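Asks: Provided herewith is a single structure, encoded as structure tokens, for subsequent inquiry.
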Ligand code: ADP
Ligand code: MG
């Protein structure tokens, strides 16, 4: 029923799109009739019309027709109607679902061209450097022929140092191919610039995200973090680990497996109070202790060795939740990694403080408009809509899909399953049919590869190669007799062309050794076969020992003793058992997907505070950077506000306190009188301080002489105050997130509590920024380096 409704909605959308497709088609004949020069001249003409107020929407039909014709002349490919449909959806800022091999790279050129005409930047964002570079190189001749500038968004060399102005030049191009990671880091770096000359990123105008589900659903919550100094290492990991080991479930703690949340019960809180000898661990001074208890609880009860991580060579190596892949070099944030290390009794590594961070989800929100494409968007539609308000339009394939997706083959355990898989690969190989065998983990890929070699079947093993190599190897998976063993993400984005004679054998056979944690990934894997109407097959093997079942499955069949009763033979003969196992696996996968969604929504909730605060701070920074007039900065008013607050909170009505205040905040050389005024009158004291401030300001100006340099000095002082406080705040919010826990302290809602504390700390930070601005201006020392550039030495 739901599927039928979906189909009807989709057909409605396609129908509206086809009207616009016809408008594009209507221009093709006249474009074909143009000479090369006349076709190329269209770009300048469009740009002029945009300047005269024409909307992109009104130009779309003709512009897309121009790109189609140019693509034919330059690349020898004429974008098909289904590609034009996808291109229209992208321009609307929505998400076309287009199968693997349908030509998404070429599809994207149409909206990139149209939006690139404005000169405000059009971005193609993909998952890795290799794909960005490959697609950029392939499409460069087309865009250059049409007269738009195009570039790769980064210099593809390890540890490349950008010269001043180099990034600005990159981002000045009409069209930019880059990756989500590169763009995200540049966004953060751009907002750490301490002068207009250090800024390089224009406002983000239009973007297209390739492999959108992987970037904006799966990775959306993984924040990009610019790390700063090593954090002061907590020495509580060991003791809190020992404490949580004394706890008894239900009595002392409660948890919600699905939401990955765990918290102490009232009795648990009592136990903690006794263990640590405090009145109430939730009292303010024990902030760090509570944080560490929570970390230790999560490490011990929510993270399972060999499911969530491995201990390898004395290190904790994470396992990707979605793909089951190992993630060497990736660490959990805010002390969680260290808590797991403590749990495992291995050496505790250094935790770095976060300096700036953003999730991809919020990065993409910075775009005026963005669309995304992938082969499996539909299964993520709810996510796309909830997070971004995007709809998914399923674009039909150019040719009907000929691939046969077989129902899952069922086994009782992994031993019998793996044997059957090897037999199957051998049988396919005997007739020279190419096979792509996909596993969840690198270990399993290695295992199969070895087993196949032992049977004299040469095979390509795709693990731990670099992406370029993987792409090259996967591209060859369609050769006669080729056997390729790979993990799920290997070679994504590269399509597999069939060699001569393979079609006759039935095309590529995709064999998957178990269900992945998300059915979207399963579908991507099946899509490896059957591109552009090729024949092919896909087959997933399942058993009750599969990872998804172990991780997420709950069933009587799995309970002790039950399984042993069935013999493998019996399983094969019993339709009932087969159906039960299929159900268990399917349910486990659904639980896993729901968990993924819950996790994402939770992360999204938490991110809201940070993101709102970041917007305010970044806006404020930009305002300061653009401000060229010291008078406009209203420093006197700011100083009065700071002094007034100080008077009320720091008892400046005594001579000693007032003198100290002046030393610490305005001038440590002050020798003048402070008793010439009535210290009990707030106004008099504030005015006095304000006057001293004006004197300091004037002294700084005399010292720096040059008006422009003086303005830069003030600007840097303000930015320094904003940044040093904001950097602390980012780190604080990250830690806070780890320390706020469900139902702690009187049943308050965790997220509500988090937002409340986050807001309070933001207000505190704003006051601290004001104080620091006045401090920096009064107490910094300005010097000039050899080149005559201003160097400011800040007081702290
Ligand atoms: P996707 O990203 O959708 O999986 P690609 O963009 O990698 O697919 O394209 C798959 C292949 O199809 C590429 O070799 C590409 O050159 C080719 N191709 C795409 N569009 C056309 C077209 N209109 N005419 C001919 N070949 C095309
Ligand atoms: Mg692609």
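Along the chain as shown, the residues are counted starting at 1.
Note: Cβ is positioned from N, Cα and C throughout, glycine not excepted.
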Asks: Taking 495, 500, 522, 534 as the options, which does TrEMBL list with 83, 101, 102, 103, 104, 105 at the ATP site?
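Replies: Candidate listed by TrEMBL for the same site: 495.
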Asks: Taking 102, 495 as the binding-site residues to compare, which has the smallest set of other Cβ atoms within 10 Å?
Replies: 495
Asks: Taking only the binding-site residues 83, 101, 102, 103, 104, which have a CB closer than 6 angstroms to any atom that belongs to ligand 2?
Replies: 104
Asks: Output the one of 83, 105 that, of all these binding-site residues, has the highest number of other Cβ atoms within 10 Å of its Cβ.
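Replies: Ranked by Cβ atoms within 10 Å, first place goes to 83.
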Asks: What does DSSP call residue 104 (ATP binding site) in the simple three-state scheme?
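Replies: DSSP assigns residue 104 (ATP binding site) to helix.
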Asks: Need one number for the ATP-binding residues 83, 101, 102, 103, 104, 105, 495: the maximum pairwise CA distance in Å, whole number please.
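Replies: Spelled out: the longest distance between any two Cα atoms in 83, 101, 102, 103, 104, 105, 495 is 17 Å.
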Asks: Compute the mean position of the Cβ atoms of 83, 101, 102, 103, 104, 105, 495, which form the recorded ATP site, and then list in sequence order the other residues of that chain whose Cβ is within 8 Å of it.
Replies: 98, 100, 106, 107
